[in-house]
Structure formats: structure tokens, C-alpha cells
Ligand code: SF4
Ligand code: ZN
């Protein structure tokens, strides 16, 4: 016998174990969209006068985020632009960029594509050739953040929305604890961070309370054309272990990921106070972007790669 929606007696398409509720398509979509809007409101992610950039990789989370942001920004009369980064990953990125492009076109959102080759001079495939594959993601992450921050600022955007979901957040929080990196943890959160500087475009994370599985179901129900591919370099061993650990716990103790996130949120202010050194970040001697040291991580990494040529 078909399982019934807890709200309307229609056929349920998803069970949310942490709330012990079943939802039909309509009530799941309503609940999902309401939760994202509430997160945006609660953390005051978008305000009148903002100019929002959405980092859209073409994966399910970023495309889902773009669809929701479009509605929210329109209702607040806030401009929205999508930014994608082409890291140069053969057989993977071209397809996801196509998805990003197609969705921007459908939604009527201006779309800018930035490339590693043009902005940094090297692609992720080239980095992987000379580096252990395990470290490729570290380079990729630093370079991508540098490119996005610079481009967003130059385009006059003051906030950059990224599609991190609850699973990403719970993993990051736990990883920082396990690695004893409270400085990093203090910088983490749904919006902003402890770095406040005109040169730094604030990050906002509207999906931070959405479990990954729900974002996948939402994108399928909404008929978004999203291919669930995986980057060939996605091998971050530690994150994978933490992901499996959290998934196991979630299965046995529903709501675990929310509790990890909520526990972090309840100590976040204290962490911020303790680890905010009030130091003004400097501008990198080489590229002029923000840095905690004389030469920024992006420039140091590029140096490292040259030596390994
Ligand atoms: Fe870059 Fe790693 Fe993500 Fe692939 S998985 S896009 S290499 S950060
Ligand atoms: Zn630099």
C-alpha cells in the first residue's frame, strides 16, 4: 500500500526521518522552499541594496540554489548574476557547465564563465599531471575561491552565494574538530565570516540546512536537467571517511547532521570572539588580493607548481 503524505493524504515521495514525516511532491517542495527562505531570512543573507552572485557549478545543489535565489532576489528587487568556473577537467566540467548555462538561460539570469587557464594559467588536469591526485583538490579549491572573489568584486557584487548543503556543513565542522583547527571553524558559518574587508566578498549559504538527499530529490521533482556526475579527482580521503561516518550515524540516529550543525551554531559566536585577532588582512605582494601573509596562498601554490614543472 502506498505511503501517504503526512499533510494531505496524497502519495508520499519522500520520508524525512528526523521529523518522522512523509511528504507528497507538493508538500515536500513547499517545505523545502520554506526552509531555504527561512534560512536566508534568519541569517539576513540578502538585504535590499545587495548585488548577489551565485556560484553555479552545474551540480544539483548549485542549480537548485540558483532556482530559489532567482525567486527570492526578484521579490526583493535585488540583482542576481551567476558565475561558473571552468577548472579544465576533461570529460567532466564541460557537461556541468552546459547544465549551468542552460539553467541560467531558462531563468533569465546573466551568466559569466571564468576559466583557470585564463585567470591562473594552469588547468586542474595539468595540476593533476604533476601533483599527487590527492592534493589536486587543495589547489583547485584555493584557485577557485581566488578567481570567484576577484571576479565577483570586479563585477560590483557584494555577496557570493554557494550551494553548500547540510551534509557539507556537518562534514566540515567535524573535520575541523578532528584536525584541531579551531581557527578555520571560527571562520565557518552560513554567512559572512570573521574576515571583514571591502576586498572580500561575503559568502552566503542558503542551503546550509538542507540535507543533500533532499536537494537531489527536489531537483528531480522540479525536472532540472542535472547529471549526477562526479569529478574524477574527488578523492579527498578524510572527507569521505567523515561523510560515511555521518551517514551511518544519521541512519541509526536521525537528525545527527542537524545536531552537529546546531551544536556548532551555538558556540560559533564564542569561537569568533576567541579567534578573531582583529588583524587587518594585507594585500598580497604579488597579486594584490587579500591575504593573511605577505604572499597569498594562491601565489604560493603557483610558485610550488612552477618548481615542479
Ligand atoms: Fe576541484 Fe577537487 Fe572539486 Fe574536482 S573534486 S572540482 S578537483 S575541488
Ligand atoms: Zn597573491
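Residue numbering: from 1, along the chain as shown.
Including glycine, each Cβ sits where the backbone N, Cα and C put it.
Just so you know, TrEMBL annotations are computer predictions that nobody has curated.
ATP binding, as stated in TrEMBL, involves 55, 56, 57, 61, 163, 168; the candidate among 13, 29, 85, 124 given for that site is 85. Listed binding-site residues: 56, 61, 284. Those with a CB atom under 6 Å from ligand 2: 284.
Minimal Cβ crowding within 10 Å, among the binding-site residues 85, 287, is found at 287. Cα of residue 168 (ATP binding site) to Cα of residue 296 (Zn(2+) 2 binding site): a span of 25 Å. Close to the recorded Zn(2+) 1 site, the chain also has 4, 6, 7, 9, 10, 12, 22, 23, 25, 26, 28: residues not among 5, 8, 24, 27 whose Cβ is within 8 Å of the site's Cβ mean position. Residue 85 (ATP binding site) is 22 Å away from residue 284 (Zn(2+) 2 binding site) when you measure Cα to Cα.
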